[in-house]
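This report refers to the structure that appears directly beneath it.
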Amino acid sequence: MSAVRPLLLLLLPLCPGPGPGHGSEAKVVRSCAETRQVLGARGYSLNLIPPSLISGEHLQICPQEYTCCSSETEQKLIRDAEVTFRGLVEDSGSFLIHTLAARHRKFNEFFREMLSISQHSLAQLFSHSYGRLYSQHAVIFNSLFSGLRDYYEKSGEGLDDTLADFWAQLLERAFPLLHPQYSFPPDFLLCLTRLTSTADGSLQPFGDSPRRLRLQITRALVAARALVQGLETGRNVVSEALKVPMLEGCRQALMRLIGCPLCRGVPSLMPCRGFCLNVAHGCLSSRGLEPEWGGYLDGLLLLAEKLQGPFSFELAAESIGVKISEGLMHLQENSVKVSAKVFQECGTPHPVQSRNRRAPAPREETSRSWRSSAEEERPTTAAGTNLHRLVWELRERLSRVRGFWAGLPVTVCGDSRMAADLSQEAAPCWTGVGRGRYMSPVVVGSLNEQLHNPELDTSSPDVPTRRRRLHLRAATARMKAAALGQDLDMHDADEDASGSGGGQQYADDWKAGAAPVVPPARPPRPPRPPRRDGLGVRGGSGSARYNQGRSRNLGSSVGLHAPRVFILLPSALTLLGLR
């Protein structure tokens, strides 16, 4: 027995012992066959992958233990890990980008088509009512709609000037036609324009129609423009956030997560879910848009509700022709009072010789009656879209993406390439250094909370992310201001269009049945000399119209240099004895 004992002591080290426990280091794997099979399927050259483990002293990111990776293989795996992660993020965000882009396109097409429908409807109404009188001078109305389109599509400025110039053009043609027996030199028309621009508003030739039209059009266009711009800004910000280059710390963490198991020779060992969540939260913290994202979505929904309610774009577009006609009727019905005040302030013009008086309009054009807009069919877009449906679709789509940024790490780690399945959470997994269980806490939340992330350093400032959040915050502020009737893009915001609430101040303009609250009077506009176009103005050579003390860009002045025209009401022709 004593002779056998030394022999047993020599054979004991060769006997297999118990394997490592669930919480121990990875099992010793001497073969790289599994790694060669996986990387060979990806197109890696097998000449770069040894058949068995080699010393890992050359590794820069993975544990410097026995490895299946050369330095070149490790660098390629770093790039592959980044591509995989980036692809998952962009695929997850593709629905969000598509949602914002599609809503932007639909709302933009709707608003533009509603303006076209309004212009076409006005042309049909006025052509039916006034015939050749309208067709000869339709350019003034085309100029009005050109100015409205320029504000919505291009400049974002000059809306007040566009509307005020339209009414001024109309007045400079209307007053001489009400008194064809007189000659009106440029100085007289300049005095007339000055009277209508006084702060006390004592002379309102078109009654309250200019103010009411201005309120409806301004609020609706400001809200529509802010909504479309907000959708476009959101789309651009999200698209940029999903495609920004990754920081070096994120690239290294991703390599430890899904690349190092291949180098260790255990590609089938899935990363621990907590490990993946920490890496994903750390990498995405510099891309996420919280908390600005929630406020941005609230701003979109608030403004969309206002556009189908108190700031109805459909109602504002439909009311253009109605408000203009009401203004002309007011001028006709109060012509005696208006003329008396004008003659008192500006003097009595010289009479025109009878042979120089304008010929009356044809009888058939003056006998047509005005037809109220209530008799017209409600306009719809070519696709049959209405604002109510667009807002419902927007609300439904945005409800799906409200928690997008907060849930993006969970979505990414739900992919089978990134982490173990939830059903295998109790099984050993890849911890970053070997087989075991991931014991570090999962850090979620804001960028400040990510400072405690155990997997990567997020303390370095991220200027691009801050810039994107500022863009989103600015778009939100613009939309919330537009929901209050304010245009932040206008340097000289007008009190009539600003309001202090959600539009209830001017409920009479929105068919709400409440009495209007008259806003403060506008400051006086600079006087305008009359234009020289030879239409209905006698006794003066005229002068070019100018805009004193006002600045505007090209987009807001497109429709402001058209010849002035006037649509004479049939009943007014009758009263003037021209039939």
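Residue numbering: from 1, along the chain as shown.
The backbone N, Cα and C atoms fix where each Cβ goes, glycine too.
What Swiss-Prot records for 1-21 is signal peptide.
Among the features that Swiss-Prot reports, O-linked glycosylation site is placed at Ser55 (among others), with the record citing sequence analysis. Note: Ser55 (O-linked glycosylation site) has non-local neighbours Tyr66, Thr67, i.e. same-chain residues 6+ apart with C-beta under 8 A of its own C-beta.
Residues or ranges marked as O-linked glycosylation site in Swiss-Prot: Ser92 (among others). In three-state terms derived from DSSP, Ser92 (O-linked glycosylation site) belongs to a helical segment.
What Swiss-Prot lists as O-linked glycosylation site is Ser155 (among others), and the listing cites sequence analysis.
Sequence annotations record features per position, and here Swiss-Prot assigns region 'Disordered' to 347-382 (among others).
Per Swiss-Prot, the feature compositional bias 'Basic and acidic residues' maps to 361-379.
Under the heading region 'Disordered', Swiss-Prot lists 483-552 (among others).
If you look up Swiss-Prot, you'll see Ser498 (among others) marked as O-linked glycosylation site.
What Swiss-Prot lists as O-linked glycosylation site is Ser500 (among others).
Annotation comment: Swiss-Prot describes 517-527 as compositional bias 'Pro residues'.
Taken from Swiss-Prot, the feature GPI-anchor amidated serine covers Ser556, and the record attributes it to sequence analysis.
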At the Cα level, what's the spacing in Å between Ser155 (O-linked glycosylation site) and Ser92 (O-linked glycosylation site), rounded?
35
What are the non-local neighbours of Ser92 (O-linked glycosylation site), defined as same-chain residues 6+ apart in sequence with CB under 8 A from its CB?
Leu408, Thr411, Val412
Ser155 (O-linked glycosylation site) has how many other Cβ neighbours within 10 Å of its own Cβ?
18
Per DSSP, three-state class assigned to Ser55 (O-linked glycosylation site):
coil
